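*Asks:* Here it is, the structure, as structure tokens.
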Ligand code: SF4
Ligand code: SF4
Ligand code: SF4
């Protein structure tokens, strides 16, 4: 095993066993609560199925997709928990010109809003369609699942893993892979004989077990090769106009963010000096 692979496997990972998911959506709620994400308007049946909201967004970092099917003449539901895959070699990080995305040694791929210039290359590069842009805001940022980095640094599990009563296990990636293999071997009639995320996009920190074929549940079919090696080759094919417009927007966004940041820093400085004065009186 090369040293990179060792590092990825010792980082933490989610083992999400979709055969044990009840579709309770406790994970969705816990994610919203922990990340203080506002609710979105939903409809009981939105045309695509029973899942709600209709897609992941800047306010929804994870979502349970529903798939109904027939088994032995009975109606059954299968589920798929969508979220950032926290790729071992993230394409989002490889294309970001200012290093706003970073794969941490603990496992999560984190995003630093202070660095982001709003070019949105990460959105084009991610093979799983995860990063979302705050289109409705005057000073937009890219948003996605954080892997609950702040929690795991405090020794806690991610909020969704803590809330889940049955389907999510969280621990070192090598152990999660072993556990997934053990479950498949112990109950071959229950599981599809494949672990999604073991090799997809070069391996990810979110791995899945399912009963139904992945494409039937809405999992993306991605290459096994890690994407950073050719993400820029793909982006080079994007028309020049995109890059020109992207470049101008980036510059504009960088200046806007900078102005906003300086304003916030100044406000914080004033607030703390005011507090210090009050304490000294
Ligand atoms: S799933 Fe997309 S956003 Fe998440 S780490 Fe991988 S490339 Fe980045
Ligand atoms: S890891 Fe944290 S941010 Fe990501 S889906 Fe789970 S609760 Fe949400
Ligand atoms: S909390 Fe667990 S069981 Fe409930 S929907 Fe989420 S993954 Fe499924």
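Glycine is treated like the rest: Cβ placed from N, Cα and C.
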*Asks:* According to TrEMBL, which stretch among 234-255, 256-277 corresponds to the feature transmembrane segment?
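*Replies:* TrEMBL lists transmembrane segment for residues 234-255.
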*Asks:* Of the candidates 31, 119, 126, which does TrEMBL annotate as part of the [4Fe-4S] cluster 3 site that also includes 84, 87, 92?
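*Replies:* Record check against TrEMBL: [4Fe-4S] cluster 3 site with 84, 87, 92, extra candidate from 31, 119, 126 is 126.
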*Asks:* Of 87, 145, 164, which binding-site residues come close to ligand 2, meaning Cβ under 6 Å from one of its atoms?
*Replies:* 145
*Asks:* Name the one residue among 119, 145, 160, 164 whose Cα is closest in three-dimensional space to that of residue 87 ([4Fe-4S] cluster 3 binding site); these are the binding-site residues.
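*Replies:* Smallest Cα separation from residue 87 ([4Fe-4S] cluster 3 binding site) among 119, 145, 160, 164: 145.
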*Asks:* Which of 24, 27, 84, 92 has the fewest nearby Cβ atoms, counting only those within 10 Å, among these binding-site residues?
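*Replies:* Taking 24, 27, 84, 92 as the binding-site residues, the minimal 10 Å Cβ count falls on 24.
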*Asks:* Listed binding-site residues: 21, 24, 27, 116, 164. Which have a CB under 6 angstroms from an atom of ligand 3?
*Replies:* 21, 24, 27, 164
